[in-house]
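Inspection log for the structure reproduced underneath, given as structure tokens.
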Amino acid sequence: MHKLLLLIIAAFCSSLITDRGFIIEVHGGFIIEPITDKCLTCICNGASRCGLGVKCDGDVCGVFSIGYEYWLDSNSPTLPFDDPESEGAYIRCASDLYCGAEVVANYMKKNPYDCNSDGSVTCWDYAGLHNRGRLECAGFWDIDFEMNYKSCMNNSSMIINFGIA
């Protein structure tokens, strides 16, 4: 019933404010929740348990396990005073907890996708999209990612303030 009411209201406006103060956007009939600090924290936990010593492993870097194309698609954020065109800008950003969070937040804002086809884009969809990509986000996640993500989501004290949401 709550979702139906949101969709009816959404027919008359492109965004609305929830009882928690979040602005929910509506695009093409989909309710798109903002990516929150809790969601980013739990995606980080899923990807690496937010182990700050994580640098690069194969074709991904940082605690969020960010690939180069993913970074490019997120508008190539950088550390302060860095240039996205400079050699190593991607690695420096992806290897930094806060810049990595900005990459993930930008990517999700730019590419929201309803992985489970329930009419809403939520943290679960963002996590699936991050872990498996658009084509496989509704399927099985990597077991460690899923276990760490769910554990984090069930623990309300595990939140890093990224200052993004």
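Each Cβ is built from the backbone N, Cα and C atoms, and glycine gets one as well.
Here TrEMBL annotates a disulfide bond for C39; of C123, C137, C152, the partner residue is C123.
Per TrEMBL, the disulphide partner of C44 among C50, C56 is C50. Disulfide annotation in TrEMBL: C99 is bonded to C93, selected among C93, C115.
Here the Cα atom of C123 (disulfide bond) is found 17 Å from that of C50 (disulfide bond). Neighbour density for C93 (disulfide bond): within 10 A of its CB lie 24 other CB atoms from the protein chains shown. The number of other CB atoms found within 10 A of the CB of C50 (disulfide bond), across every protein chain shown, is 21.
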